[in-house]
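A.B. asks: Have a look at this one before I ask anything.
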Amino acid sequence: MNASCSLWQDNSLSVKHFSFAKFSEITEQCFLLFTLILLMFLASLTGNALIALAIWTNPVLHTPMYFFLANLSVLEIGYTCSVIPKMLQSLVSEARGISREGCATQMFFFTLFAISECCLLAAMAFDRYTAICSPLHYATRMSRGVCSQLAVVSWGVGCIVGLGQTNYIFSLNFCGPCEIDHFFCDLPPILALACGDTSHNEVAVFVVAILCISSPFLLIIASYGRILAAVLIMPSPEGRRKALSTCSSHLLVVTLFYGSGSVTYLRPKASHSPGTDKLLALFYTVVTSMLNPIIYSLRNKEVKAALWRTLGRKNVLTHG
């Protein structure tokens, strides 16, 4: 038995340590993937940190839309940092083990950031709906207090779901094998290693996915349905173009995030395969987090200008 798969005795035999499956026996493939993921990880961290910093240091961006964008950038940083470092270590090191407690911690933070992002994307859609469909009431409906409450609720829901799901899954016994056929401690591959009947846990994961992934998504769809109806009756083509341009970046981010998340967690269990799940995991943990700051900076003139001002200010301080 692998040293990282030790067992302990407490009423029943249960795995104390897990290990991640090796991506490939070909060393060059592992190093190639390591290099690609590392570059995307660094790009994601840099891009999201710059956007959060630009919004924080530029008063012109202290509006509800950019307040939520700053929260999204912080979530993306936490989201990637919760799984990518361990993933990189597993790709180039023989030390691919992780303790039961470490695995539970990783699952908690990954779930916290993922569910919080689902809720925050819905809050951002509501903000756009209010701005376009009720512009005269926007200042009161999206006041600083309301925005703060929506952000706190998003983070709070993520924390509650993360604690509940992690506690529910790690209350199970894991009798072995203890090799996780995945890059990190995600819900489906960990459940696959549990002893006995896990149907109740699988139902719980699916129900939470429906409530915390589908429900915010339906709110987003409803918001954009109302937005589209309002835009279509605008008399000015310029007004229609401007209204839609404020939504395009958010729509792209929603499509990327929900597309990969829905395929991963809402498709039937029989259609799951380790290879497909790993590719999807790479997409929604690395690629989308790297693309989000690019989408917002390239498609938003105010963010682009704020980034240049922030970078210019840093250069002045460096050379001053």
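Quick reminder: no glycine exception, Cβ is built from N, Cα and C everywhere.
Dumping what TrEMBL says about this protein:
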DOMAIN    47-296  domain 'G-protein coupled receptors family 1 profile'
TRANSMEM  31-56  transmembrane segment
TRANSMEM  68-88  transmembrane segment
TRANSMEM  108-126  transmembrane segment
TRANSMEM  146-164  transmembrane segment
TRANSMEM  203-222  transmembrane segment
TRANSMEM  243-259  transmembrane segment
TRANSMEM  279-298  transmembrane segment
A.B. asks: Hey, does the transmembrane segment (243-259) touch the transmembrane segment (146-164), meaning at least 3 C-beta pairs closer than 8 angstroms, sequence gap 6 or more?
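C.D. replies: The answer is no, given that the two segments have fewer than 3 Cβ pairs within the 8 Å cut-off.
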A.B. asks: Is it true that the transmembrane segment (68-88) and the transmembrane segment (203-222) have 3 or more Cβ pairs under 8 Å, skipping pairs fewer than 6 apart in sequence?
C.D. replies: no
A.B. asks: How about the transmembrane segment (108-126) with the transmembrane segment (243-259) - do they touch, taking at least 3 C-beta pairs under 8 Å (6 or more apart in sequence) as contact?
C.D. replies: yes
A.B. asks: Taking every residue in the domain 'G-protein coupled receptors family 1 profile' (47-296), what is their average pLDDT?
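C.D. replies: Mean pLDDT for the domain 'G-protein coupled receptors family 1 profile' (47-296): 85.
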